[in-house]
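Colleague: Structure provided below as structure tokens; questions to follow.
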Amino acid sequence: MKNLLSMKDLTVEEIMSILKQAQLFREGASSQLKQDYTMANLFFEPSTRTKMSFEMAERKLHLNVLPFDAGFSSTLKGETLYDTVKTLESIGVDALVIRHEQNDFFNDLIGKVKPVIINGGDGTGNHPTQSLLDLLTIQQEFGTFKNKVISIVGDIAHSRVARSNADAFSRLGAKVNFVCPPNCNAEFEATYNIDEVIESSDVMMMLRVQHERHDGKSNFSKAEYHQQYGLTVEREKRMKENAIIMHPAPMNRDVEIASEIVECERSRIFKQMENGVFVRMAVIEMILKGRE
Amino acid sequence: MKNLLSMKDLTVEEIMSILKQAQLFREGASSQLKQDYTMANLFFEPSTRTKMSFEMAERKLHLNVLPFDAGFSSTLKGETLYDTVKTLESIGVDALVIRHEQNDFFNDLIGKVKPVIINGGDGTGNHPTQSLLDLLTIQQEFGTFKNKVISIVGDIAHSRVARSNADAFSRLGAKVNFVCPPNCNAEFEATYNIDEVIESSDVMMMLRVQHERHDGKSNFSKAEYHQQYGLTVEREKRMKENAIIMHPAPMNRDVEIASEIVECERSRIFKQMENGVFVRMAVIEMILKGRE
Amino acid sequence: MKNLLSMKDLTVEEIMSILKQAQLFREGASSQLKQDYTMANLFFEPSTRTKMSFEMAERKLHLNVLPFDAGFSSTLKGETLYDTVKTLESIGVDALVIRHEQNDFFNDLIGKVKPVIINGGDGTGNHPTQSLLDLLTIQQEFGTFKNKVISIVGDIAHSRVARSNADAFSRLGAKVNFVCPPNCNAEFEATYNIDEVIESSDVMMMLRVQHERHDGKSNFSKAEYHQQYGLTVEREKRMKENAIIMHPAPMNRDVEIASEIVECERSRIFKQMENGVFVRMAVIEMILKGRE
């Protein structure tokens, strides 16, 4: 693994190896990285979780982290992403985490620049470290992915989480259901009815309604969306014993998920965030060790 | 002390203990903190002094500090403060400094989240570390607070500094005067006439005219405000021997204070900023030691 | 050298000494700085290269770097640059890199504040560390500056790079040509014809067309500018054997320089950026050692 752009880049063996190392980090293992590396996190879209999680992972690995402020950089003067990355290469940066609004932004970079590229989310495309932390959370819960029923519910057309996860879950043997409003589906075979899956799912993975990616006004009020596609208090009660709730966050409380159940016993939402740090440590360590 | 939200949370003994430790840090003492903690500074309002002062204090305590950019975080996507703080808890943050435009923002957090919360200023409410640095500055000057006359002058209705200080000064035995324009007073007994207090005060504490918190236009031009409520060159000359000038900054030069006297012999304005670093070190150390 | 404001502050001996130390850093030398210093980088204008380069240099020198966000600081509340710098002085900052849109911003500071001031670019004025990295790049190439022909091409009236470089190149014995559009020249003796110098220059130093500093619309389309004043593919072929191409970046590809030649064999554009880190390490070390 030279870069991490998409879950499709990873073999099942590599995925399992990352999850194993992440779990070891979670249990207190120290990093095996020998050299001091310099990283930078280029977030061209707002983020709290992913950015802070990478920042924490990098510090736990004792890396040197340069601050980068997309809102105050030369991209404002029209500099291309390629030239910005070449600049950071010249300055001595070894690895970059990049979140960018453009799908497949990395196509302009791979094979042409020296720093490692870790995709922190590209437009409506991929978000591989989110997938990995989702996988770790499911593995911790069930020990296996085989025949687990995972229902991904919401705005799947605009969701890089849905895209990143779908393929990986399937390859690992899970069964994936998609549930979405009629106008939302772009490429996945989906049902429109959350009640069809609520009682049979091991994982209810609720997606955020991405108001900022809808240019026009939505067809639904928040209350209507919640009633038709949300994980309501009532639906939570009908979930299988031992079934869990996940959400990549940020959440719209009382839209895709009832506020009262965000921290209920089934919820793994904040545990997902805990796992994010360890998964990212594992990814960074694995890629940088490959360069030593 | 589990968190620091308001001066009212602190007993007189705790206040004196913080001031003592801050003075020791000022004189070169090293921190007694054993563990490596991670902090983040969540400033949802612009700040130079308070933010940079906390950043310096945290580095002098050898803490790990995660960068947080409110203007580029998921709060832009509608995430609640509670969910942002829970996110940082999940990522492994031990203590948070928060400045927020909403009074009592911490009511949503206390008792519900694990990280320590230090109030870095809440709306027009409290700013306890500013009070502590003011207290240290006065203590360094006079050795005692007993019977010292402290006049707080300016926009006291909008000032969290006035609010934080009033109670603490009184409890420590000082006499507090409030001076403000007629339209400014919200809750304090005040005089409208700075000249009534100028000759009898040991401390003239000038507040910033907060243009950004006045929605309409002011009743005064800057020159008029300066003449009626400002510390003019002429008024400084009538101050008591050994009386000092304080200001929490940022200053509007030639509005609440004449530019020529900002660095005069009586001014402790930049000394207040020096003290801010040491007071914040003492607060952070005391709270984090309480968790060990 | 107490501060670095302009190339004019430096004697030829000081310039050569900085270049020598920068080259040693480039070859792996460690810093001789004994004390832990605290720095802050105050960039009031967008920057990627210069800011990241200073951040890297400071970390390679193991300095403590406080984060400063001009877009979220008290300058928004009307605080003067002087008061901001005095604040940072009070907080304990030893050295500041400042980029500011106002020419000669440092005139309000020098002699009045304790922290070292390094000019990171002032309006259309100076950019001394850019000059130093340009000089290092030319020295690495030719071993000497004597009689080397350096052509600076572009918007020289708005360019602090042109201003910083012109004097230094001349003092070091190089011959400087200026080439610019008719409406661009403010103070330098210039030709309007790039083809007059293309075959005789050892260095073609292309400047960025600074769209953001032109208030009205330009007299040229991008294609016209490229054809008349740009380094086209055709012109590159007519350059002298061993002649090199430089650009301070960010580049407008296909305006002042053809995209195809940005990374051609003659180009030293990314090497300039590499040199920037080492030159800045040398400058910071020299100034801070002078204070020990």
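The backbone N, Cα and C atoms fix where each Cβ goes, and this holds for glycine too.
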Colleague: In TrEMBL, the residues A:Arg49, A:Thr50, A:His127, A:Gln130, A:Ala249, A:Pro250 are said to bind carbamoyl phosphate. Which of A:Arg99, A:Arg171, A:Arg291 is said to bind at that same site?
Modeller: A:Arg99
Colleague: Of the binding-site residues A:Lys77, A:Arg160, A:Arg208, which sits closest to A:Pro250 (carbamoyl phosphate binding site) by Cα distance?
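Modeller: For A:Pro250 (carbamoyl phosphate binding site), the spatially nearest of the binding-site residues is A:Arg208.
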Colleague: What's the longest C-alpha separation between any two of A:Arg49, A:Thr50, A:Arg99, A:His127, A:Gln130, A:Ala249, A:Pro250, the listed carbamoyl phosphate-binding residues, in angstrom?
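Modeller: So the maximum pairwise Cα distance among the carbamoyl phosphate binders is 16 Å.
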Colleague: Please identify, among the binding-site residues A:Lys77, A:Arg160, A:Arg208, the one with the smallest Cα-Cα distance to A:Arg99 (carbamoyl phosphate binding site).
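Modeller: Considering only the listed binding-site residues, the nearest one is A:Arg160.
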Colleague: Out of A:Lys77, A:Arg99, which of these binding-site residues shows the lowest number of other CB atoms within 10 Å of its CB?
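Modeller: Counting other Cβ atoms within 10 Å of each of the binding-site residues A:Lys77, A:Arg99 gives the minimum at A:Lys77.
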Colleague: Between A:Arg160 (L-aspartate binding site) and A:His127 (carbamoyl phosphate binding site), how many Å separate their Cα atoms?
Modeller: 6
Colleague: Quick one: of the binding-site residues A:Arg49, A:Thr50, A:Arg99, A:His127, A:Arg208, which have a CB under 8 A from chain C's CB atoms?
Modeller: none
Colleague: Can you filter A:Gln130, A:Arg160, A:Pro250 (the binding-site residues) down to those whose Cβ is less than 8 Å from some Cβ in chain B?
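Modeller: Near chain B: A:Pro250.
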